[in-house]
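Structure, as structure tokens:
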């Protein structure tokens with residue numbers, strides 16, 4: 001409805017342009033009424049204002065003309081509507097109805113501060129009131145003298161009359177000015193303020209002073225009795241300290257040292273009672289003798305007399321009306337005086353020191369209170385600096401604040417009256433310059449069209465009534481209206497409104513961002529200024545403040561260090577176990593070998609059992625990582641030992657051969673060596689001495705179908721007899737599916753530690769008539785299974801000896817033996833300890849291979865190893 005009404009108003013204005021002066025009368029009245037009613041709802045104009053707009057604009061009134069006159073009717077419109085158009089926000093700004101009472105409130109606050117919180121010039125008034133009260137008191141004292149009674153009475157009557165008027169007016173002003181406080185607003189708030197103790201004192205003094213002034217200096221009984229009320233003016237001295245600062249200071253000192261005061265008063269009271277009672281017992285039966293020697297009544301006739309004497313004596317007053325007469329009483333009085341006087345005088349010292357400390361604290365507090373205002377200004381400036389960030393489009397409250405503060409005086413009612421008095425033409429004041437038909441989207445306001453002025457009925461050139469400043473204000477107001485219009489129409493605006501405007505050289509789109517940038521710059525400058533002022537107030541008050549700051553910083557540092565140490569202790573120290581070790585369940589735990597027999601457990605490395613809960617502290621994790629690193633070091637040492645063995649180039653000879661058809665002599669084997677078996681490079685060494693063969697049951701035999709056999713046993717498995725080169729012929733055995741053999745140990749001997757008694761046999765003893773059948777692939781298998789050199793990095797023996805774990809492998813191998821069923825097996829191995837090694841550094845404790853079954857008690861020899869399926 002609003003959009004259609006504005007378009008109808010625009011059409012009506014277009015008709016007025018086309019028809020000149022007479023065309024305005026030809027416009028339909030219904031369109032004008034609709035346009036006027038719509039604009040009245042939009043801009044908040046009163047019906048009288050709408051009539052004034054109609055008379056001023058005629059039938060060609062459009063939206064922009066109404067906007068011009070909205071400035072003139074701004075005050076009346078704001079009084080009649082609770083809402084106004086937001087300047088920088090897209091929503092209407094709610095403005096409550098306010099009276100023009102800023103000056104009234106300012107005066108009220110000023111009077112309240114002068115009477116209740118006097119500072120500066122207000123102290124002069126309170127000093128004058130104090131002199132008036134003091135003068136009344138002095139004159140009241142002089143009236144008691146007969147020689148000054150008449151003169152002082154007359155002056156006292158005049159001064160009291162003046163004081164009554166002063167105090168009455170002051171009390172009325174106090175009641176009225178109390179309305180500036182929220183809790184004292186309204187008549188109920190005023191009654192609450194009047195019930196304050198000091199206000200009640202003022203009322204009582206005023207009521208008591210009025211009868212005294214009324215009766216005057218008459219000599220009747222009533223006037224004489226009422227004159228005694230003049231001394232009630234002493235109570236007016238209490239009103240000098242209306243805020244009670246003195247009493248608050250004394251009360252705070254007493255409360256701060258209440259325990260010391262109670263202790264001193266308690267001990268002093270006990271001393272008073274005890275000394276008075278003892279003196280009464282001694283002096284009660286001693287009569288007083290006058291100068292003539294006559295006996296008088298006793299001085300300490302009652303215990304009350306003794307208490308009076310004790311209080312006057314211990315308070316160091318000493319009237320002398322009562323004194324002990326006997327030496328016993330004097331001795332008691334002297335003893336208790338030395339004790340009691342110190343405790344009676346102690347509260348005075350406590351209060352004096354407490355008051356001094358409180359006064360010093362108040363001075364320091366006043367110095368700190370000076371930081372309150374700069375701190376509040378800094379907080380406010382920091383928030384406005386943050387809220388005016390152009391990227392934060394959701395913060396609109398600060399922009400609304402500037403909308404209420406930054407105001408532009410648009411076309412006021414006085415300006416309209418001045419324009420109407422000059423009898424300027426309608427088109428000269430409000431008609432837009434751009435034609436209706438042009439639908440350009442330009443954002444620049446152009447000056448008023450002179451041609452349109454020439455087309456007016458008067459045909460006389462009129463001066464344009466808008467200067468640059470007014471153009472800027474009009475453009476600013478147009479931008480605010482555009483914001484409001486876009487929010488109301490939900491993004492659908494009047495396309496013709498973009499082409500309308502007053503003469504201005506500034507782009508309309510850049511007007512509001514420019515203003516925001518200026519406000520942003522001002523906020524940055526104010527933030528830096530308030531920050532500088534606040535830093536200036538942070539200067540220490542005196543040397544004690546500096547010492548306190550350093551002490552507070554030191555305590556804070558110690559607390560932080562203690563907290564950090566506690567956190568470190570919590571990290572590195574394991575927590576208490578939830579369940580004792582002797583109560584933990586051992587059910588379901590798998591069998592584990594002892595650490596002395598397991599090849600994967602070192603005896604000197606402490607490891608927790610599987611049943612125990614692992615330590616979850618940082619130190620426990622460090623220990624776990626250290627153990628893993630040690631295991632990795634052992635494995636690396638083992639690999640380095642293997643590398644050293646295989647990189648040594650040895651000249652070994654083959655001691656046996658593998659015949660499959662018949663028998664052949666060693667001479668025939670030598671004859672075929674050069675032409676048939678020269679390319680065979682097998683490394684098989686015998687490190688053991690000759691001896692009786694082991695019984696078959698002492699070997700750990702594994703079936704060949706479960707374990708992959710060696711390359712040269714895969715085709716023709718044979719039995720190699722134990723012995724040297726003269727041990728006889730080799731007898732071939734037929735292959736069997738149940739052939740078993742004993743796998744070699746995974747640990748290889750260190751060749752540099754071989755026994756000097758080892759004998760290497762000739763290579764021809766191992767060669768047979770079918771040795772040429774060995775393929776290169778089988779030859780590689782023989783090389784792998786016969787401990788031939790590996791392609792690893794070369795490490796010398798010195799580096800091996802410097803191994804961090806001292807792990808080395810020093811062992812020999814026995815000769816080949818034959819099993820009962822044709823399988824081959826390794827003989828007993830002899831171990832040798834290298835320099836720097838222990839008995840735990842030998843091959844049973846290497847990190848590869850499984851536990852030998854001999855440790856389980858199965859009757860198998862310790863020299864035999866179980867097959868290892870885990871690669872190194």
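Cβ atoms here come from the backbone N, Cα and C positions, even for glycine.
Both residue 145 and residue 324 are recorded by Swiss-Prot within identically named topological domains, on the same side of the membrane.
The phosphothreonine entry in Swiss-Prot, when matched to the candidates 246, 610, 740, 856, corresponds to 246.
The Cβ neighbour count for residue 246 (phosphothreonine), using a 10 Å radius and every protein chain shown, is 10.
For the topological domain 'Extracellular' (316-326), the number of residues in each DSSP class (helix H, G, I; strand E, B; coil) is 0 helix, 0 strand, 11 coil. According to DSSP, residue 246 (phosphothreonine) is assigned to a helical segment.
Taking Cβ pairs closer than 8 Å, the topological domain 'Extracellular' (316-326) reaches residues 279, 282-283, 286, 288, 299-300, 305, 308-309, 332-333, 341, 344-345 in its own chain, all 6 or more past its ends. With a cut-off of 8 Å on Cβ pairs spaced 6 or more residues apart, the transmembrane segment (226-244) and the transmembrane segment (257-282) reach fewer than 3 such pairs and are scored as not touching.
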